[in-house]
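Notes follow the structure.
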């Protein structure tokens, strides 16, 4: 269990967690410097890479644009990197926007009108695009044209505008939130899975080389297994461990240095942080293992219900620590054991398989 207290509280705000898969403030430039530039450099997701290579090579051989591409999966797995790689492999320009930024049809029309033939348009969080913009996107994806409405009321007229043939790459963390008509217009859909520890070790070795960090193999394995199967988290933890190694040691990251550093940053051997352990502690100590509703659990740890449900719970469920039941959240036998406690009778049937076991 390491040197963590079972009674750890939630600590820092959820947005400041070292193990959040989302980009944090000021992280964008560093994240960009570590991005792979080609499919050959991209580590992990072998099926997606193979399928994408076929799609892109086929389009290049035909001298046309590939089908529109939808990339789905949890944050931090490389969807934006793949969009950049797609444009690079095609020798095309990449235009970047996001679903929340496209609030009106006019916003999208302006972007589409500036595309040149062969451009790649990347829309991140495409499930959050506003309905008027989405409906305009249908026609652009299918027929490479848009209808722009001029005026209001009975006097309004629709002016058709041609759009240069382009490839849309959409990224989403919630593919189920896409409307059927939008989803059906993507010719190729790829789902990205969490990484295995061995793949994360390769990611870390590559990043260490780029950043000039001396990282031992055992140290890389130590960081990888605490990274929640997510390259972005692995790279962030690598930078935190580097800071520790430079300040408290000689700058070389050994396994012991990695362990000590990650304990300082409250990331335990399974990748749980203070907030995760606070949720498990409340569930086991305050509510006897459950079942308990997420709102009640959130009050117990001093967080918003959405934070517990959307930030903590997905990983705890995936790691086999919490089970969702019709009556509420229940701690599994593995959760009790991780906190150094004896699970009560009946907890053993609620999933004891860990994330990478």
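Cβ atoms are placed via backbone N, Cα and C, with glycine included.
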Candidate from 228, 232, 236 that Swiss-Prot assigns to the same ATP site as 34, 35, 76, 79, 80, 81, 142, 143, 144, 185, 195: 232
Secondary structure composition of the region 'Head domain (RuvB-H)' (269-357) [DSSP: H/G/I, E/B, coil]: 44 helix, 9 strand, 36 coil
Predicted model, mean pLDDT over the region 'Head domain (RuvB-H)' (269-357): 80
Secondary-structure category, per DSSP, in which residue 80 (ATP binding site) falls: helix
Cα separation, residue 324 (DNA binding site) to residue 80 (ATP binding site) (Å, whole number): 31
Site of maximum Cβ density within 10 Å, from binding-site residues 144, 195: 195
Among 34, 76, 80, 142, the most crowded of the binding-site residues [Cβ within 10 Å]: 76
Fewest Cβ neighbours within 10 Å, where candidates are the binding-site residues 324, 329: 324
